[in-house]
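Copied from TrEMBL, the annotated features are:
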DOMAIN    17-335  domain 'Acyltransferase 3'
TRANSMEM  21-41  transmembrane segment
TRANSMEM  66-86  transmembrane segment
TRANSMEM  98-117  transmembrane segment
TRANSMEM  151-170  transmembrane segment
TRANSMEM  182-201  transmembrane segment
TRANSMEM  207-227  transmembrane segment
TRANSMEM  234-250  transmembrane segment
TRANSMEM  262-278  transmembrane segment
TRANSMEM  298-316  transmembrane segment
TRANSMEM  322-343  transmembrane segment
Amino acid sequence: MSTAELERPRTTRARLHGVDLLRVIACGGVLLTHVLAWFTIVGRDWWLWVPVEQLGTDVLHLNSRFAFFGVITFFVVSGLVITHVTDRESPGVFLWRRISRIAPLLFVVSVIGWIMVNAGQRIAVDVERPLDLVDLLMGMTLNGHLVDPEVGLLGVTWTLRIQVIFYVLVALSIPLLRRRPWIPPLAMAALDVVLLAFYPAPWLLDVVGLLPVYLPLLCMGQLITLVHSGKVNAYAGTAIGVLHCGLFVLADRMGFQEHGDAGARTAIVIVLLTVAMVHAKDRVSRSAVVKALAQRTYAVYLVHLCVLYPLFDWLMPYLDPTLVVVLGVAAVAVVAEVLHRWVELPLVRVIRRRR
């Protein structure tokens, strides 16, 4: 296949309304998984457990509690969206805008989590020792794995570490993405093969974390954008996508993916769903409600465990479990709104104005 056949003329950039809906679905999946996980941790039953298990495992043959459904969706969507903006930004501006987007809220919520852990609250898993300022600094900079014993301050930031490395890889490849857009995802597949050959060596874990396992998900999202925009031929994009899917399956079969036996199957379902929804222009996808919810998914993702688990621990002994779950989700929505409106947006504006 010639280079001309691999590439197609670029199309005009337009808002991907279906991606907003995918973000909302992913956020809901993460919330559902972690709500049910709390009941598992404390050994309590809840009526929603049975229908969710039946739908997830018996009907759809996915992981128990839909584990990793939301995270896989976020990875694929992130790869899609990040690539979508590369045609209008230089590598330096691209990297600055991505970091300035995630860092302010990460710093603030890390401080909240640090205070709550030292106050004896469970916000993800039990921490067996008080956290000092070094732990806080490591958590704020996504380097909690360098502390012994390792401290996952917010429980979900391991995914951000993978995404930051992906940002760097994409920034380095922006010139190629504009000239030969099929080369970067193919090169990342080659990089992943090399990393998997040495994985999970301790030195590699310290440097790239779980990147070799989950890089293929980000690249599949990237390929969806490249094909959807007409920059890469659909056949070439599909072939490279199948290669990345095979790498994710390989990592899963090698035992490096620790989020359930149906991780590979879940990834395939999510990729197909994303391909279908990236074209969505229906009333729901284009609605103001979905757009507003999508803009707040990062805040929800970071803070939900800090809100849900302490609230569940406080109220479950006294109130109906369903009522407590409803109150918990409502509390997450309120806290996320406050963080998004009065912390995330103002800080991002200030940082970007000063560049």
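Going from the start of the chain as shown, residues are counted 1 onward.
Yeah, the Cβs are placed from backbone N, Cα and C, and that goes for glycine too.
TrEMBL labels come from automatic prediction, so no person has curated them.
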Please work out the mean pLDDT for the residues of the domain 'Acyltransferase 3' (17-335). 92
With CB pairs under 8 Å as the measure, which of the listed stretches 21-41, 98-117, 298-316 comes out on top against the transmembrane segment (66-86)? 21-41
